[in-house]
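Q: Summarising the annotation, Swiss-Prot assigns active site, proton donor to H327 and lists sequence analysis as the type of evidence. Look at Swiss-Prot and you will find H141, H143, K224, D367 tagged as Ni(2+) 1 binding site, backed by sequence analysis. Look at Swiss-Prot and you will find K224, H253, H279 tagged as Ni(2+) 2 binding site, backed by sequence analysis. Summarising the annotation, Swiss-Prot assigns substrate binding site to H226 and lists sequence analysis as the type of evidence. Residues or ranges marked as domain 'Urease' in Swiss-Prot: 136-577. Annotation comment: Swiss-Prot describes K224 as N6-carboxylysine.
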Amino acid sequence: MTRLTREHYAKLYGPTTGDRIRLADTDLIIEITEDRCGGPGLAGEEAVFGGGKVLRESMGQSRLTRAGGAPDTVITGAIIIDHWGIIKADIGIRDGRIVGIGKAGNPDIMDGVDPALIVGPSTEIIAGNNRIVTAGGIDCHVHFICPQILPEALSGGITTMIGGGTGPAEGSKATTVTPGAWHLGRMLQALDGWPMNILMLGKGNTVNPDAMWEQLRGGAAGFKLHEDWGTTPAVIDACLRVADEADVQVALHSDTLNETGFVEGTLAAIGGRAIHAYHTEGAGGGHAPDIITVASHPNVMPSSTNPTRPHTVNTLDEHLDMLMVCHHLNAAVPEDLAFAESRIRPSTIAAEDLLHDIGAISMIGSDSQAMGRIGEVVMRTWQTAHVMKKRRGALPGDPSGPNGNDNNRVRRYVAKYTICPAITHGIDHEIGSVEVGKLADLVLWEPAFFGVRPHAVIKGGGIVWAAMGDANASIPTPQPVFPRPMFSAMHAVAAGLAVHFVSPTAIEDDLAARLALRRRLVPTRDVRNRGKADLPLNDAMPDIRVDPDTFTVRIDGEVWEEHPAAELPMAQRYFLF
């Protein structure tokens, strides 16, 4: 019997069970734990497209029609990285949703073919062999300041945006809020034709429930509480009362100046109710110096943003000027300068690294154009994971040594921008993971460019963005290769591939007809009974204490020392600037 070496097999079909892959130029190594489409026990039955290969008529391609159940698209031999595992499989897509994760082909002549993955004449093939697939990224902290953020986000592997704004208005530059039904309607209409899922946050800074309900009817799928609009205990309580009744989430940016109380008062106002805590580290805002302690509480689902990810020798110098611009502060006013300086604490930024690594801070967003960079959510997540491996070694459960892997750490970090924000905002029934039944929002990566530049971005089953060479060349690959929009990104098509997430109230009020929206509106679901324990691999609740004088952070009694990174992967090897 002819046998293939692992090296030869990987060149033909991609790596298989037991093979290890480095992610970009990081020290992170994944190991495939299962191969559902080939490898040991299934070798020789792989579904591969191309001249002289398997997926041809009466061979790997069956006679099954689309009406008979054939998928629209199959991604062959993909290495799936998700919170639930790291495996290799064929992925089937039909009507914009994932219908199968297993083995594709023709059951008439091939063993073990998943009934949902029978390739027919109506099936398109995307070669996932030697490529990694992740769920489309969810940026849970977006300032909608300019429309140019959308292509930047897609180019970074983001397919869902959660946040608020109306454009380059001062309120939007600072606060992730789309205030009022009129602005909400205009933003939903403006974004209707983009291949990007959208969840808008209305302004929750009011004690008038009617003002919040009209925003829910107008398209808000949650509320933002921001200190620049006045986040008092009364406002927090009033907003959460409406959120509980409407089943939507509240994102909290608390009171840096401690004008209306301290972190203990904010927690008392929250009263054990579910809440998404923005800027948990405090550099972007929130009670100084100890907002970071909210990551210890079971009802608080904490996130931080990418400008402080990871802590480097340049982080502090960059932040002061950014903060002055973002929050409309005046350097000539001593109080404004003191306000800015109170946020930028190296000890809490350093502790943010560790809290992400142990799963105590659960999510990472961008804070786009308001201190953060929308195209770097994915990249900075993996830079943080790399830095933490260098400093702390293998996580519990990850084998160390020359034959070890980082599967547990990788699964934890990918969850921070996929399933965890989806659960937090009640949209995990549609997106957030590579699972059957969910929207086919998927990102393909070459391993050498993982987290840096996607090979292709699939939105609702259509390729909307991809690395593409010169359009006047004889083949698709000649330089310059740029991330470019594809046919499915054209507005008439894109509206059918993406969704607006709204409150159940908006659905009942027939918002789609009132605004003449083309895309599907999807209500949030099961939001208010969620807590930190529901966030996969990111549910740790350590004891966190901050010294009010020195800002020293103790996590479970241990001081976390500051060691800012001087060099990062996924940086100058890939970028000119």
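The backbone N, Cα and C atoms fix where each Cβ goes, glycine too.
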Q: Counting only residues 6+ away in sequence within the same chain, which have a CB under 8 Å from the CB of H143 (Ni(2+) 1 binding site)?
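A: Expected: G163, G164, G165, S172, K173, T175, T176, D367, S368, Q369, A370.
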Q: What are the other residues, in sequence order, whose C-beta lies within 8 angstroms of the center of the C-beta atoms of K224, H253, H279 at the Ni(2+) 2 site?
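A: My list of surrounding residues reads H141, T175, T176, L225, H226, E227, A251, L252, S254, Y278, G284, G285, G286.
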Q: Pop the mean pLDDT for the domain 'Urease' (136-577) in here, whole number is fine.
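A: Mean pLDDT, the domain 'Urease' (136-577): 95.
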Q: According to DSSP, collapsed to three classes, what secondary structure does H279 (Ni(2+) 2 binding site) have?
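A: Assignment for H279 (Ni(2+) 2 binding site) reads coil.
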Q: In whole Å, note down how far the CA of the residue listed as 'substrate binding site' lies from the CA of H253 (Ni(2+) 2 binding site).
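A: If we compare the Cα positions of H253 (Ni(2+) 2 binding site) and the residue listed as 'substrate binding site', the gap is 5 Å.
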Q: Looking at the binding-site residues K224, H253, H279, which one has the fewest other Cβ atoms within 10 Å of its own Cβ?
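A: Output over binding-site residues K224, H253, H279: least Cβ neighbours within 10 Å is H253.
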Q: To the nearest Å, how far is the Cα of H279 (Ni(2+) 2 binding site) from the Cα of K224 (Ni(2+) 1 binding site)?
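A: About 13 Å separates the two Cα atoms.
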Q: What other residues of this chain sit with their CB within 8 A of the center of the CB atoms of H141, H143, K224, D367, the recorded Ni(2+) 1 site?
A: V142, G163, G164, T175, T176, A251, Y278, T305, G365, S366, S368, A370, G372
Q: Can you tell me how many other Cβ atoms are located within 10 Å of the Cβ belonging to the residue listed as 'substrate binding site'?
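A: Around the residue listed as 'substrate binding site', other Cβ atoms within 10 Å: 26.
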Q: Reduced to three states, what secondary structure does DSSP give D367 (Ni(2+) 1 binding site)?
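A: In three-state terms, D367 (Ni(2+) 1 binding site) counts as coil.
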